[in-house]
Amino acid sequence: MERRIHHAGLAGKIMSAENAAAQIQPGMTVGMSGFTGSGYPKAVPLALAGRIEAAQGRGEKFALRVLTGASTAPELDGALAKAGGIDFRLPYQSDPELRARINHGEIEYMDVHLGQVAQYTWFGFLGKIDVAVVEVAGILPDGRLIPSTSIGNNKTWLDLADKVILEVNSTQPLGLDGMHDIYYGTALPPNRQPIPLTQAGDRIGEPYLRVDPAKVVAVVETHAPDRLGRFSAPDETSQRIAGHLVEFLKQEIKMGRLPENLLPLQSGVGNIANAVLGGLRDGGFSNLTAFTEVIQDGMLDLIRTDTIRMASATALSLSPEGVQEFARNIEHYRERIVLRPQEISNHAELVRRLGCIGINGMVEADLYGNVNSTHVAGTSIINGIGGSGDFARNGFLSCFVTPSTAKNGAISCIVPMVSHVDHTEHDVCIIVTEQGLADLRGLSPKQRARAVIANCAHPDYRPLLQDYFDRACRDSKGKHTPHLLGEALSWHQRLLEQGSMQP
Ligand code: 0RQ
């Protein structure tokens with residue numbers, strides 16, 4: 001570990017995770033590192049959970065406001081949620097324990113666009129940050145920090161927190177050094193200047209995070225790797241979704257609306273989005289770029305084969321096999337990957353300037369193109385909006401992908417009216433299911449409904465949707481966006497009551 005902590009003053013602050021966790025008091029707001037299961041602190045949250053359980057055992061309330069980059073892992077969200085140690089959490093999460101407690105109403109959860117979290121903190125909208133707990137790969141002699149496998153909101157937490165706890169993780173490859181680009185030019189309105197990034201791979205900042213050593217109250221050494229899941233192998237459904245999208249992109253090139261090497265890709269989380277990337281590799285594309293949040297296995301593979309020549313993201317979220325491949329060929333990847341703070345990877349100005357092609361998973365879409373990315377039957381959260389909205393609103397094209405049904409056909413992912421809206425009809429260009437692709441660009445609501453029913457609905461549900469739409473066109477008071485309000489959410493009600501949307 002000696003070679004990872006080169007600052008004498010900070011080396012003098014090495015202590016156990018338990019002693020570090022003792023710096024965190026009930027009611028505090030803690031900004032933690034971590035984005036889609038990578039770069040999260042491995043030891044302090046666990047020690048904290050132990051402390052919280054002991055306090056609860058004595059009948060004392062001990063809960064925190066926990067802010068992160070995005071989802072973390074069982075050692076952080078899972079352990080703290082299980083201990084009853086989280087009062088309030090933002091943004092994106094995916095831990096089953098945390099999700100269950102949010103949906104039971106025990107934890108307040110604020111789902112917010114990932115690109116907005118840093119500026120909301122700087123604006124003061126989220127209150128004061130008491131403590132930052134940030135994983136890093138190493139500490140330089142001058143005290144600057146080599147970031148880990150994700151950057152997320154770390155710059156903001158380190159800048160704004162009163163106290164800082166650093167975890168230095170010996171398993172994170174030192175080859176990460178030089179891969180990051182931390183931009184320190186962000187100012188607050190009215191003093192903001194244009195962000196000088198015009199290509200996905202531009203380096204506009206510095207490779208290291210800054211921290212005031214005087215604020216660092218503890219340095220903890222850890223030796224556990226990121227705990228990341230595996231992706232399911234692309235099945236026939238996801239391959240058909242990928243096929244429709246690839247065919248569409250090729251058609252756009254033919255029509256002269258996209259260049260041969262497309263525009264910078266953004267790809268969301270989940271199995272379907274991962275499979276779509278595999279489709280691009282097999283589709284004969286080359287010289288592509290990505291300006292995205294997360295590099296999953298599918299994208300790593302495109303970088304390995306030079307299908308993607310440059311990728312910008314805020315986190316690596318790889319399977320155990322992906323981690324091995326990354327470490328084996330880290331020199332290749334260092335030339336082709338730039339990791340940035342999420343306020344930059346997801347910045348509206350940059351997504352719009354670069355003209356990103358956003359491809360994100362969804363839960364359901366309605367006839368008119370409104371998209372629900374987050375809730376089951378309108379009330380239970382799955383993960384969160386993540387960065388999908390940053391790209392859907394601001395990109396060149398916003399594509400949403402899903403199988404046409406879920407839960408063995410009991411649920412139609414195309415419904416009369418979405419039970420929760422994350423992306424409005426105004427932000428959605430393309431909807432793809434294994435049935436086909438609906439191109440909603442330039443269409444009125446009724447034209448969109450016809451395209452969605454014809455191209456995306458499953459044959460089991462298509463006649464029901466057509467019937468709803470026909471009756472809505474006849475009986476709706478307003479004929480611009482026809483709806484039968486008493487019936488619009490009846491499919492979800494049927495699901496809750498009978499376990500299926502089928503009548
Ligand atoms: O449930 O796991 O119990 O089987 O939702 O569905 O089909 O495996 O799809 O893994 O691609 O995830 C929207 C959740 C899709 C994801 C979502 C059930 C389904 C299954 C997963 P089971 P699939 P995926 C950048 C972008 C929001 C954030 C985002 C997501 C589970 O893509 O979280 O885009 N997106 N960020 O059975 C009830 C329906 C359903 C349904 C699917 N209509 N009703 N359940 N499911 N459709 C990255 C970041 O921002 C970090």
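Glycine is treated like the rest: Cβ placed from N, Cα and C.
Annotated features, as they stand in TrEMBL:
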DOMAIN    12-221  domain 'Acetyl-CoA hydrolase/transferase N-terminal'
ACT_SITE  Glu293  active site, 5-glutamyl coenzyme A thioester intermediate
DOMAIN    322-468  domain 'Acetyl-CoA hydrolase/transferase C-terminal'
BINDING   Asn383, Gly387, Lys407  CoA binding site
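Annotated features, which come from TrEMBL, shown on the structure.
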residue	record	Cβ contacts under 8 Å, 6 or more apart
Glu293	active site, 5-glutamyl coenzyme A thioester intermediate	Phe35, Thr36, Ala70, Leu114, Gln266, Ala313, Thr314, Ala315, Gln342, Ser345, Asn346, Gly386, Gly387
Asn383	CoA binding site	Ser71, Tyr92, Gln93, Ser94, Arg99, Val269, Thr374
Lys407	CoA binding site	none
Message: DSSP on the domain 'Acetyl-CoA hydrolase/transferase C-terminal' (322-468): how many residues come out helix, how many strand, how many coil?
response: 49 helix, 37 strand, 61 coil
Field: Span of the CoA site, taken as the largest CA to CA distance across Asn383, Gly387, Lys407 (Å, rounded to a whole number)
entry: 26
Task: Have a look around Gly387 (CoA binding site) and count the other CB atoms within 10 A of its CB, chains all included.
output: 30
Task: Please average pLDDT over the domain 'Acetyl-CoA hydrolase/transferase C-terminal' (322-468) for the predicted structure.
output: 97
